[in-house]
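Peer 1: Dumping the structure here so I can ask a few things about it.
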Amino acid sequence: MSTTIPLKHTARTTTGVVPPTEKKKGSKLFALKTDFLKNDEDSIQKDILDHVEYTLARTKYNFDSFSAYQGSAYSVRDRLIERWNETQQYYTERDPKRVYYLSMEFLMGRSLQNAIYNMNLKDEYHNALLELGFEMEDLYEEEKDAALGNGGLGRLAACFMDSLATLKYPAWGYGLRYNYGMFEQGIYDGYQTEVPDYWLVAGNPWEIERLDVQYTVRFYGQVTEKKSSDGSKFEWDHGELVQAIAYDTPVPGYHTTNTNNIRLWSSKPHKEFDLDAFNGGNYLSAVEAKQRSENITSVLYPNDNTYSGKELRLKQQYFFVAATLCDVIRRFKKSHQNWQDFPNKVAIQLNDTHPTIGVVELFRKLIDEEGLQWEEAWDIVTKTFAYTNHTILPEALEMWPVSLIEDLLPRHMQLIYGINHRFLIQVTQKWPGDIGKMRGLSIIQEGEEKRVRMAHLAIVGSHCVNGVAAMHSELVKHKVFPDFFCLWPEKFQNKTNGVTPRRWIEQANPGLSAIFTKWLGTDKWTTNLELVKGIKEHMDNPELIAEWKYVKQGNKQRLAEFILKHCGIHVNPNALFDVHIKRIHEYKRQLLNILSVIYRYLSIKKMSPKDRAQVVPRVVIFAGKAAPGYVMAKRHIKLINSVAEVINRDKEVDQYLKVVFIANYNVSIAQVIVPASDINQQISTAGTEASGTSNMKFTMNGSLIIGTLDGANVEIAEEVGQENMFIFGLRTSEVEAAREKMTNKEVNIDPRLQEVFLNIELGTFGPPDVFRPILDSLIFSDFYLSIQDFPLYLDSQASVDELWKDQSAWVKKSIINSASTYFFSSDRAMNEYAEQIWDIKPCEVETTLNRRY
């Protein structure tokens, strides 16, 4: 069941194009609105002050930094909305094929700086605010990061949306408007603590609540079959109803009118308040349904260790796709009557398996609500959807109990059985009598508890499946889904990830941005990163080398001040900044890093003063969150902080080594850390990281990688040259044999690592029993092969130290890295998706209003 609830005064036309009669009725309105808002300093100042007075209801006597930020944000939003309206109207009139990017996460970071830069209003806002007594950079700090994501998946989606708007592709993102982020991380006694991240505490000036866009989403209920001369028809009714309310966030393209949209859904009760229950004295029951409905979009990734947690996660996923598909279909129906046109006008990208139930939901709507036949409906579905796989880790490939889906989404489970039945007929035609193939490929995993394999459903229901790095895509084809690849080789592609250079160079590193513009003689590199290759022509120029070092030093000084303010630790900005920032997970091997730090500490302690004089000073920086239920990862955080406490208070090594764990890592913090990094750690066990995007951000900013040949590191090595990185460790092809050796106790622990273990066991870094499970996991299992890679890792770290002593050579390698990153721009990635998966074309908005672009 789906209903649009338009307000009377905002009723929409069938096509979205205003008819001449309406224009005549509102001729005064059209006469008044013939231009965009003015962007001179006086106009901007007036708009800011008007919002402070009329939107915030504050006076000029109560005009502090936060109200200045809010007033500025609302004034920028006004300008965004103008462009947004122009863009959507233009798309409606031209009717291009659109892509809808479905993602459970959008890790947007802060929006004020991004919007001002993209709309080319940096100087105007800087000067306007300066006259009002505010530095624009200070106001950026007033904004709280939108807590709509957790890690790389959400940040990738944000970069992609930026590129789609910049490249003028007609695209919308869809997701959920979480009231709380995953959690706000603190550190207490070295342990991670978690408190709710209520990021909306002061409101969100960037979103537009769309009370005229609501859809009803159903859960539970019953399915009844009604037979007629035309055949059987299935109706899903009763159950629990929840309202989906739309919230829009405009996404500006860079120096273009084109402004796309991210539409997020918030859950509200279908029936706001049970008055009968209240009047009957049942006060808790009166609000119970309201609370249950609102829980759906309360928290990003609720803990799914319990049945109720699993149910809530699946509710989130279905609520998300059900509302989204209602919206997509409504938009399609405004100007199209023939369902065969749907795949020619709509492309839907599934960002990982979370939105996969949308495959079945579209199928259900076509069959049950639109009356299409099975084959016709399924053909439309498979031509519409495409699926991006982001992992090869088995535990990350989602599966849901059949019993849960039968209870929560009974009609969908019926359809999944039917889809699987027809799919397995294809399998038997390819491999007659091969039960093993049927069992391995089936959407439903048999066993004591039957489960639906969401990745299998996504592959079966999509016309294209892509990995996110060359190595990852090969593993997807030959290791994760080899039988699917054998069945449908034409479905599988690689689309290496990318990041936006606008945020990660121009905004995060204005000094480097200025260098590029000066030495290239143009600022066009912001939208054509291939131009940056030209900087290599000047890499031997002493002036460029001096500027490069100056900018890096300034970024390191800024990070040192940040660390002092937020961590209370003094660090030397002249030291080598060694950075490891990402989600805390065993496969990402923060453990390998901290074990090497312990060895470095023990080595320095044993050195003579003469030997210490040769030591390269280091600041080792960690940041990242562990999932609340991931006990081992949280132990790793405890070990890092315990080691940091011992090292940082040891005056004997004070000038040679510091260790910092920066809590509550987010996009804004990354924008401070990344430009200041000298080396960055990309040390996952070979064959475990799908791609990674932090490696791309660091490389763009001239930070050298120490890492394994895993994920996108492989392609970075191809672009920058392996000689300009510090590569170590087992290769993917060697991992299985290495694990076999570990299982058979054929691995000797390096004496240096034995010394590290001994010091942990002796309590050098805290009570040994706290860290005993970590040591046991290494000695008796070591699935991620830290023991075998440890000596190779130390050798690579020694190479880092040696190169650092030759600063001229170091800077040249830094320049080569930064100048070789065109392939890792999200612009390149989006062009490939558009041409090879979605079949969409740019649609540059030609506005009737005067504009500066």
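Glycine is no exception: its Cβ is also placed from the backbone N, Cα and C atoms.
Found this in Swiss-Prot, in case it helps:
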type: BINDING; residues: Tyr91; note: AMP binding site
type: MOD_RES; residues: Ser27; note: phosphoserine
type: MOD_RES; residues: Ser75; note: phosphoserine
type: MOD_RES; residues: Lys697; note: N6-(pyridoxal phosphate)lysine
type: SITE; residues: Cys159; note: site 'Involved in the association of subunits'
type: SITE; residues: Tyr174; note: site 'May be involved in allosteric control'
Peer 1: Sorted by position, what residues of the same chain at least six away from Cys159 (site 'Involved in the association of subunits') have a C-beta under 8 A from it?
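Peer 2: Gly498, Val499, Thr500, Arg503, Thr693, Ser826 - these are the non-local Cβ neighbours of Cys159 (site 'Involved in the association of subunits'), listed in sequence order.
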Peer 1: I want to check the contact list for Lys697 (N6-(pyridoxal phosphate)lysine): same chain, sequence separation of six or more, C-beta distance under 8 angstroms. What comes out?
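Peer 2: Residues satisfying the criterion: Val499, Trp504, Ala670, Val674.
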Peer 1: Given a 10 Å Cβ-Cβ cut-off, pick out the one of the recorded positions Tyr91, Tyr174 that has the most other Cβ atoms nearby.
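Peer 2: Going through Tyr91, Tyr174 one by one, the largest Cβ count within 10 Å is at Tyr174.
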Peer 1: Test of understanding: give the count of other CB atoms lying within 10 angstroms of the CB of Ser75 (phosphoserine).
Peer 2: 26
